[in-house]
Amino acid sequence: MAEPQPASSGLTDEAALSCCSDPDPSTKDFLLQQTMLRIKDPKKSLDFYTRVLGLTLLQKLDFPSMKFSLYFLAYEDKNDIPKDKTERTAWAFSRKATLELTHNWGTEDDETQSYHNGNSDPRGFGHIGIAVPDVYEACKRFEELGVKFVKKPDDGKMKGLAFVQDPDGYWIEILNPNKMATII
């Protein structure tokens, strides 16, 4: 195991690698399938994630006895979504990098209801990231759509990437993967 590093410096590359194990062969078909965000108002969130960010609603699942709904979104062609419910469910759960939005019924009508985005104390969850071909063009469009920015592309020390907020205040990093090496 690597030597502990002072909190101010983080792990060295070597120390980080020494903390990692080679994946067990039994995990070769595992994939990161989804991340989940709790949402207050599905109408606002679905509009934001589809119209603003361009995701496609893959499937909606309702759980009446527990009073919540799940919405699964991803960057997929809506024409590829199977029509048969059983087939669609298996297909939706086999996609990579799916965003699951969880709506607990009634939260949209509760003015005191809000979710913690993890970027203020107590810190925890930080953000999701969306890769785009051109950060500046994407942000120009977001501005025209009235999207709330946490960081515009030329703000701060890390130029060329941005952070926007969804209707619940969750942060979304907007990045161009081909430019990240020059930013970090």
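Heads up, the Cβ atoms here are built off N, Cα and C, so glycines get one too.
Site annotation (Swiss-Prot, ligand substrate) includes Q34, R38, R123, H127, K157, M158; from N104, N178, the additional listed residue is N104. Swiss-Prot records a disulfide bond between C20 and C19, which is the match among C19, C139.
Here the recorded positions are E100, E173; the one with the fewest Cβ atoms within 10 Å of its Cβ is E173. Straight-line distance linking the Cα atoms of E173 (active site, proton donor/acceptor) and H127 (Zn(2+) binding site), rounded to a whole number, equals 7 Å.
A Cα-Cα distance of 15 Å separates H127 (Zn(2+) binding site) from K148 (N6-succinyllysine). The recorded positions listed here are H127, K148; among them, H127 has the most other Cβ atoms within 10 Å of its own Cβ.
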